[in-house]
Each structure stands twice: as structure tokens, then as C-alpha cells.
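Since the structure comes first, as C-alpha cells, the remarks are kept for the end.
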Amino acid sequence: MATKAVCVLKGDGPVQGTIRFEAKGDKVVVTGSITGLTEGDHGFHVHQFGDNTQGCTSAGPHFNPLSKKHGGPKDEERHVGDLGNVKADKNGVAIVDIVDPLISLSGEYSIIGRTMVVHEKPDDLGRGGNEESTKTGNAGGRLACGVIGIAP
């Protein structure tokens with residue numbers, strides 16, 4: 001059973017980063033940094049597939065094995081892959097420090113082999129008042145992505 005994972009984020013533009021995942025009890029700690037972003041919030045999600053053959057688009061929708069509507073990371077109604085937003089500073093750097101009780105590195109909610117995506121816009125956490133909000137949080141385009149793999 002994997003207890004650690006890593007993801008290298010890359011895209012067509014300047015956005016890049018490294019994200020690490022570590023299982024701690026019944027939660028997963030997500031840490032790392034992303035550079036090349038515009039200042040402000042950016043949606044941050046685990047997507048269904050580990051397929052990046054057509055860039056980040058082929059990663060599919062948010063990882064949602066429970067068939068729920070999109071929400072924030074602290075919401076009862078959320079996709080497993082809904083990790084909310086990362087916040088970039090004026091230098092375009094986002095420091096990631098998330099503890100999530102729903103994602104896992106093993107079992108039915110395992111994110112191993114799936115794609116981590118950082119988005120162009122803020123995630124409205126499903127509160128945008130339209131259909132797209134309940135699917136994607138209106139987070140916009142996919143700036144960078146990478147497949148989550150087992151780490152030593």
C-alpha cells in the first residue's frame with residue numbers, strides 16, 4: 001500500500017510545480033509549490049484519468065466515484081477530487097498545504113494514476129448559481145497538470 005505519492009505539474013505556458021502527497025492516518029497531506037501563476041486563487045483538482053496524451057484536456061472530469069455535485073473541500077457534497085483553490089502571491093507562487101479526509105493513496109478513492117490539475121480561474125466551490133458551477137466550480141482552463149505516481 002502506497003503511503004507517499006508525487007506529481008510534477010507542467011503545461012503549455014509558464015505554470016509548473018511539484019506536489020507531494022502523504023497518507024497520515026485517515027487523511028492525506030498535500031504539499032508543494034506551483035510557479036508561473038497569475039496572482040490570486042486557482043482551482044486545484046484531481047481529475048478522473050491519468051491520460052495526458054492531449055495535454056490536460058484528456059484527464060477527463062473531476063474524480064467523482066460517488067457521483068456527487070461539485071463542492072468545496074470541506075463540503076459534504078463534493079467530488080473526491082475537489083481540493084478547492086491554491087492562492088498565488090504577487091510573484092505567481094502558490095504554496096500548497098492541504099489536509100484532506102476524502103482522497104486516498106489506496107483503495108476505492110485512490111488518486112494514484114489520476115491527474116492533478118491547476119486551473120486558470122478560482123473555483124467557486126459549487127456556489128456559482130449555474131450548472132457549470134455544480135460540475136467544475138467555473139474554474140476555467142487547465143493551466144498545468146501531471147499524473148500522480150507512487151513515491152518512495
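Quick reminder: no glycine exception, Cβ is built from N, Cα and C everywhere.
According to Swiss-Prot, the protein carries these features:
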MOD_RES   A2  N-acetylalanine
MOD_RES   K4  N6-succinyllysine
LIPID     C7  S-palmitoyl cysteine
MOD_RES   K10  N6-succinyllysine
REGION    53-78  region 'Disordered'
DISULFID  C56-C145  disulfide bond
BINDING   H62, H70, H79, D82  Zn(2+) binding site
MOD_RES   K90  N6-succinyllysine
MOD_RES   S104  phosphoserine
MOD_RES   S106  phosphoserine
MOD_RES   K121  N6-acetyllysine
MOD_RES   K121  N6-succinyllysine
MOD_RES   K135  N6-acetyllysine
MOD_RES   K135  N6-succinyllysine
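Taking CA atoms as the reference points, C56 (disulfide bond) and H79 (Zn(2+) binding site) are 18 Å apart. Here the candidates are the recorded positions K10, S104, S106, K135, C145, and by Cα distance the one nearest H79 (Zn(2+) binding site) turns out to be K135. For the recorded positions A2, C7, H62, H70, D82, K90, a Cα to Cα distance of within 10 angstroms from S106 (phosphoserine) holds for A2. Ranked by how many other Cβ atoms sit within 10 Å of their Cβ, the recorded positions K10, H62, H79 place K10 at the bottom.
Using the Cβ center of H62, H70, H79, D82 for Zn(2+), the list of other same-chain residues with Cβ within 8 Å runs, in sequence order, H45, F63, N64, K68, K69, G71, R78, V80, G81, G126, K135, T136, G137. When the recorded positions A2, C7, S104, K121, K135 are compared by Cα distance to D82 (Zn(2+) binding site), the shortest distance belongs to K135. A Cα-Cα distance of 22 Å separates C145 (disulfide bond) from K90 (N6-succinyllysine). Of the listed recorded positions H70, K90, K121, the Cβ environment within 10 Å is emptiest of other Cβ atoms at K90. The C-beta environment of the residue listed as 'S-palmitoyl cysteine', restricted to residues of the same chain at least 6 apart in sequence and closer than 8 Å, consists of T18, I19, R20, F21, M116, G146, V147, I148, G149.
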